[in-house]
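Student: Here it is, the structure, as structure tokens.
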Amino acid sequence: MLTARRSRSSIRDALAAARPRDGFLGEETGADRGSSGLTWVVDPIDGTVNYFYGIPAYAVSVAVVEGDPDPASWVTLARAVANLESREVFTAAAGAGARLNGTALRVNGGVELPLALVGTGFGYDAAMRTRQAQFVAELVGRVRDVRRIGAASLDLCGLAAGRLDAYFERWLNPWDHAAGALIAREAGARVGGRAGGAEGRELLIAAAPGLYEQLDPLVQRFYAGWE
């Protein structure tokens, strides 16, 4: 049976053998900066709850970034997300576009907010989920519908593949969005965060230009003042 620990160890061992001077960042290991200026950001199983319940929506997510292992300052060079159940592999390199099993991807363009299928996620804390659900209850009457897949990397890849029109979530860790955000960007999405800043733990919003500008004010207003 695959476990996050076994998956992480296999990935880290392979990277250490091929790129011994590179750094590594993951949920259980923290940041190992290395000496090359490059860091591999790895989520060995994104969608862990889905995996344990037998829901076929989980993935291995790997990104290589340049600079400090901090999403506020790093530059993402390349990323890959592998859906282990569907055998879909989403890839992207900075400036080279996004692909699914070799086929070029493009986000849905020209979608207005009332016709948008929007993805989101919820935190683990019950009180937090209750507050987030209040916003979803408000939002669902303004869009086509809302989906919760349970794996941020697959949400972002789904946006890139046209399976979602927009996605937002708060309290994501760097390894949750490190790969998916570049894939969405390279497929034409605009990706941002809190108050016009970069995406990060405070907030991640992603959608095609035009739709992004319609969704962003609603999400920003709701999360204004949250700690």
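Along the chain as shown, the residues are counted starting at 1.
Backbone N, Cα and C define each Cβ position, glycine as well.
When I checked TrEMBL for this same protein, it listed these features:
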BINDING   Glu27, Asp43, Ile45, Asp46, Asp176  Mg(2+) binding site
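If you look at the structure here, what lies around each of the features I listed?
Tutor: A C-beta separation below 8 Å, combined with a sequence spacing of at least six in one chain, links Asp46 (Mg(2+) binding site) to Tyr58, Ala59, Val60, Ser61, Val81, Ala151, Ala152, Ser153, Leu154, Trp175, Asp176.
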Student: Out of these binding-site residues, Glu27, Asp43, which one has the fewest other C-beta atoms within 10 Å of its own C-beta?
Tutor: Glu27
Student: When DSSP is mapped onto helix/strand/coil, what comes out for Asp176 (Mg(2+) binding site)?
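Tutor: In three-state terms, Asp176 (Mg(2+) binding site) counts as helix.
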